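Undergrad: Before I ask anything, here is the structure I am working with.
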Amino acid sequence: MPLTPKFTLTQFLIEERRRHPEATGDFNSVILNVAMACKHIARAVAFGALGGVYGNAGGAVNVQGEQQKTLDVLSNDAFLRINEWGGQLAGMASEELEKPYEIPAQFPRGKYLLAFDPLDGSSNIDVNVSVGSIFSVLRAPERLHEGEEMDFLQPGCTQVAAGYAIYGPTTMLVLTVGNGVNGFTLDPNLYEFVLTHPDMRVPEDTQEFAINASNSRFWEAPIKRYVDECLAGTGGPRGKDFNMRWIASMVAEAHRILMRGGVFMYPRDTKDPSRAGRLRLLYEANPIGFVMEQAGGRASTGRQPVLSVQPSSLHQRVGLVFGSKNEVERIERYHLEPRRDDFSYPLFNERGLFRAPL
Ligand code: AHG
Ligand code: MN
Ligand code: MN
């Protein structure tokens, strides 16, 4: 069989670098080290129960008070060990660490910051459903490269690169360096990421939405209205039927939406008044938001583009809506319109499919 040359992630990054003659190669090293960490995690995920990586990590809980799984801890360690030594980073922030990770003194520091969710979709780990890793690369402020918490508090529009790896039936790395979105599939023989999905685009329209409907009694009026209208189908104001999906791995939902369109919502709700939403701004919403916008989709809190939110803390949560542009814009419009109870909308209240609590 003739050998077909494959365009690998490394080759892709070299080509990208040619467009920036001033580049030192540090940026490419960051991405390649992230990719290496993802390969390591992909291998552990693939071995599953055989690798002894299922189950909880003792009684450990992370900063969010969530039970850590063995694979959460393993993935976090992979990100830290593989990215700490290269000399390109000023610091790292992880979902699993309360404070930013300080680069050990024996390693040089560099000009980039890396924020990540080492394993997204924890509830799916032990049940063999797709999980992933999400990462965001920022520039460290131009002073001492300390990598303190405040250094990470930059709005998503300042990201220099972002993406995710999905550990599904195949492992893929989806990356933006601010010049569109490209998808690479992990070749199980070469164990290299190979460009298989150049210039990924999110269809502007969709008839598919994703939301955890068990929270419907906590939703705010604009989200209730949107979902109600989708559920009303051909006979409702949208005049068409919608399909619904919920995997509970945001990475997997984002990937589906990137491939065939759709809208994902984990909106701000009233379930827990102490939080603004479920997903974390710096290492979940911002990187996925950057990927979506670079692919022609849209990402929003409902009230403002997610990439414009000024972060106030490392683990800050945010309401998140992303995906097909026209649907996200519609949801944003619903947030701008007068409150639901200020006008009479027939599908709500008595006839509402998701009724507000009395
Ligand atoms: P993580 O596993 O990193 O904590 O993130 C899980 C997130 C996200 O991936 C998913 O969309 C959401 O939590 C699922 O939440 P519900 O369990 O409320 O459906
Ligand atoms: Mn997550
Ligand atoms: Mn996680």
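The backbone N, Cα and C atoms fix where each Cβ goes, glycine too.
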Undergrad: Of the candidates Glu229, Glu253, Glu284, which does TrEMBL annotate as part of the Mg(2+) 2 site that also includes Asp117, Asp120?
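TA: The record-listed residue among the candidates is Glu284.
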Undergrad: The Mg(2+) 1 site in TrEMBL lists Asp117, Leu119. Which one of Glu95, Glu96, Glu98, Glu102 belongs there according to the record?
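TA: Looking at Glu95, Glu96, Glu98, Glu102, the one TrEMBL places in the Mg(2+) 1 site next to Asp117, Leu119 is Glu95.
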Undergrad: In angstrom units, rounded to an integer, how far apart are the Cα atoms of Asp120 (Mg(2+) 2 binding site) and Glu95 (Mg(2+) 1 binding site)?
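TA: Taking the Cα atoms only, Asp120 (Mg(2+) 2 binding site) lies 10 Å from Glu95 (Mg(2+) 1 binding site).
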Undergrad: List, in residue order, those binding-site residues out of Asp117, Asp120, Gly121, Ser122, Asn212, Glu284 with a Cβ under 6 Å from any atom belonging to ligand 1.
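TA: Result: Asp117, Asp120, Gly121, Ser122, Asn212.
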Undergrad: Which of these binding-site residues (Asp117, Leu119, Ser122, Ser123, Asn212) have a C-beta closer than 6 Å to some atom of ligand 2?
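TA: Close enough to ligand 2 are Asp117.
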Undergrad: Going by DSSP, is Ser123 (substrate binding site) sitting in a helix, a strand, or coil?
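TA: In three-state terms, Ser123 (substrate binding site) counts as helix.
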